[in-house]
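J.: Pasting a structure here, questions to come.
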2 protein chains.
Amino acid sequence: MGLVQPHTLHVDQPLELECGRQLPSCDLVYETYGNLNASASNAVLICHALSGHHHAAGYHSMDEKRPGWWDSCIGPGKPIDTNRFFVVCLNNLGGCHGSSGPTSTNPETGQLWGPDFPMMTVKDWVKSQARLADALGIEQWAAVVGGSLGGMQALQWAIDFPDRLRHAVVIAAAPKLSAQNIAFNEVARQSILTDPNFHGGRYYLHDTYPRQGLILARMVGHITYLSDDAMRMKFGRDLRSGRFHFGFDVEFQVESYLRHQGETFSRNFDANTYLLMTKALDYFDPAREQGGTLEQALERTRCGFLVMSFNSDWRFSPERSREIVNALTHVGRDVSYAEIDTPKGHDAFLLPIPEYVKLLGAYLRRVADEVDADGQ
Amino acid sequence: MGLVQPHTLHVDQPLELECGRQLPSCDLVYETYGNLNASASNAVLICHALSGHHHAAGYHSMDEKRPGWWDSCIGPGKPIDTNRFFVVCLNNLGGCHGSSGPTSTNPETGQLWGPDFPMMTVKDWVKSQARLADALGIEQWAAVVGGSLGGMQALQWAIDFPDRLRHAVVIAAAPKLSAQNIAFNEVARQSILTDPNFHGGRYYLHDTYPRQGLILARMVGHITYLSDDAMRMKFGRDLRSGRFHFGFDVEFQVESYLRHQGETFSRNFDANTYLLMTKALDYFDPAREQGGTLEQALERTRCGFLVMSFNSDWRFSPERSREIVNALTHVGRDVSYAEIDTPKGHDAFLLPIPEYVKLLGAYLRRVADEVDADGQ
């Protein structure tokens with residue numbers, strides 16, 4: 001995509017949230033790639049996952065070392081082809097990359113929101129994303145696309161705004177978290193909440209931050225993003241120095257890697273945001289909301305679906321994707337399903353795995369063709 | 001078993017350890033159940049797992065609420081039948097239940113060992129267990145039996161003292177930890193090591209202890225002891241109060257359960273011991289020690305083997321047990337293998353699952369018959 005830059009939408013109308021509170025106004029930071037066509041029918045919304053943000057493709061400056069987080073899939077001639085689509089990606093509310101969240105200022109008090117920022121849900125995010133669509137003049141998305149927590153947003157779009165998207169692409173997601181998923185989130189949260197530097201979420205007033213809690217949270221999270229096989233291939237039981245030291249310093253490469261992942265993450269992410277994001281995952285359960293069954297929830301949808309999973313993903317295994325596929329089939333929706341063979345685990349959804357990229361590209365080419373045909 | 005009581009063996013000869021250090025003397029706390037026969041040929045050694053101890057069966061007093069940790073399998077007429085076997089279970093060195101370890105006194109300094117207690121390995125434990133066998137006049141165990149880390153000790157016995165056991169029973173174990181296993185241990189260790197109350201392991205000098213670190217360590221450990229299915233059946237997405245609160249207090253039952261498990265454990269276990277036990281797991285790798293392959297390591301064994309695994313165990317999956325079985329078969333050992341169908345996960349090895357208990361009992365009955373036949 002070359003050089004790109006973020007934009008900010010200031011939303012003045014209050015946003016009613018699922019938790020019962022209200023955001024009187026908010027900022028949404030977003031990026032766009034490609035051009036919106038005259039009928040505004042070629043827009044694709046990218047929803048980000050737990051630690052993602054609006055910077056999905058291209059570079060912010062010539063000095064930026066890495067492009068946006070999904071640059072492998074977004075750009076001219078790529079699966080999400082910016083020669084054909086107008087691609088939009090925003091930082092979700094509660095995030096820490098520019099949209100209103102714990103690290104931004106509460107306009108009513110002039111203070112940082114910190115732990116007082118309202119709890120967000122997938123439904124709230126979708127509602128706020130609809131405001132962005134309104135502002136951009138997009139009545140209907142050609143597709144809403146996301147992996148993991150982003151896939152849950154795509155699914156929620158299909159339920160909450162059935163007429164405002166043609167297609168939902170739901171990758172490496174689940175219709176709700178399992179008890180084990182919630183348990184891992186709870187360990188991550190407790191790591192942060194009990195860090196003595198957390199100060200009830202007001203660490204910024206104490207000129208500190210719960211670094212160690214964030215490191216632990218990310219370490220445990222990271223284990224669930226990789227498959228056992230991926231870790232075996234990447235590290236096995238390799239030692240950092242070729243022999244045992246019989247101490248608590250790093251002995252195995254995998255220990256070094258995990259600590260590094262945790263430390264890097266802790267420097268770039270806000271603890272209050274991490275807590276909010278894990279709770280949004282826990283709360284996601286459209287079946288519960290619509291009376292009990294996933295079929296009942298999906299009965300409202302109108303769009304076409306592409307559901308994708310990865311056979312080594314044990315965080316949201318293919319079985320969880322098939323629950324979505326089966327419920328969609330049961331209510332008569334058009335649904336394509338692909339289970340990609342890869343050892344990369346949950347993280348696979350971010351990687352340029354040839355079969356994955358090819359199938360995603362093929363589906364979206366058909367979406368673009370459909371949009372073109374409709375415009376003629 | 002009714003009322004039982006622990007004994008202490010004081011070992012005066014120095015114990016050379018794998019880490020290169022030496023324990024000049026040590027105490028081993030153990031219990032025995034049943035009677036040793038005249039030829040001392042009916043003794044069974046039980047090796048405990050990460051958080052276990054010597055109290056495997058019976059009650060210490062009429063007030064004790066729960067019997068020893070493997071009471072379901074040890075006793076008159078039970079799979080490890082005390083009418084036929086003399087059963088011995090000890091607290092491993094480095095433990096916190098009476099044997100020499102971080103919470104006991106270093107005889108050379110008169111101070112608590114604390115973090116200065118030497119790093120232990122499975123090989124060291126087996127060597128110390130052989131001292132206990134010597135003291136009890138047991139030249140050869142009828143069987144050495146253990147689950148998880150205890151199963152690794154049984155395997156190490158077969159390698160290090162091939163003539164001192166007739167049978168090894170290796171349950172829910174692995175021939176070495178995977179990168180993922182090590183990663184989970186590392187998260188647990190980092191939780192403890194970075195707890196501000198850890199004080200480099202000398203918390204007892206500061207009148208405190210790394211409670212929160214131990215809680216987190218146990219929470220993450222506990223997730224790996226249960227299967228996803230077991231958690232689903234036990235908790236699903238049940239809410240503690242029937243509705244969402246949109247806060248960081250407990251919402252789901254599984255959160256409440258995990259916190260409770262962590263808190264209970266933190267009150268009853270020593271942090272330095274927990275660190276040592278996880279390192280012993282990481283270091284276990286008989287193949288590495290014997291030149292590279294598991295077959296080479298097992299070439300030295302002479303005993304019969306029963307290997308058991310549980311199909312829902314993802315900590316040490318059946319695949320890991322089959323690695324042991326295949327290597328044993330390759331070197332021509334007598335090996336029986338059973339994969340038990342249960343949703344209980346790794347924890348299954350501690351539970352009275354009918355098929356498991358039946359197969360274990362059947363194997364050990366044959367061992368007892370063999371001992372009897374030899375004595376005649």
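Any Cβ shown, glycine's included, is placed from N, Cα and C.
Not my notes, these are from TrEMBL:
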- A:SER148: active site, nucleophile (ACT_SITE)
- A:ASP313: active site (ACT_SITE)
- A:HIS346: active site (ACT_SITE)
- A:ARG218, A:ASP347: substrate binding site (BINDING)
- A:42-238: domain 'AB hydrolase-1' (DOMAIN)
- A:ARG315: site 'Important for acyl-CoA specificity' (SITE)
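What's the neighbourhood like for these features in this structure?
T.: Long-range Cβ proximity for A:SER148 (active site, nucleophile), meaning a same-chain Cβ under 8 A and a gap of 6 or more residues, is found for A:ALA49, A:LEU50, A:ILE171, A:ALA172, A:ALA173, A:ARG315, A:PHE316, A:HIS346, A:PHE349.
Close to A:ASP313 (active site) in the fold, though at least 6 residues off in sequence, lie A:ALA172, A:SER227, A:GLY345, A:HIS346, A:ALA348, each with a CB less than 8 Å from its CB. Mapped onto three states, the DSSP output places A:ASP313 (active site) in coil.
Its Cβ taken as reference, A:HIS346 (active site) is surrounded by 24 other Cβ atoms within 10 Å in the chains shown.
Under the DSSP three-state reduction, A:ASP347 (substrate binding site) is assigned to helix. A 10 Å cutoff on Cβ-Cβ distances gives A:ASP347 (substrate binding site) a total of 21 other Cβ atoms nearby, all chains included.
Looking only at the domain 'AB hydrolase-1' (A:42-238), the predicted model's pLDDT averages out at 97.
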J.: Quick one: what's DSSP say for A:ARG218 (substrate binding site), helix, strand or coil?
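T.: In the DSSP reduction, A:ARG218 (substrate binding site) maps to helix.
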J.: For A:ARG218 (substrate binding site), just count the other CB atoms lying within 10 A of its CB, please.
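T.: I get 25 for this one.
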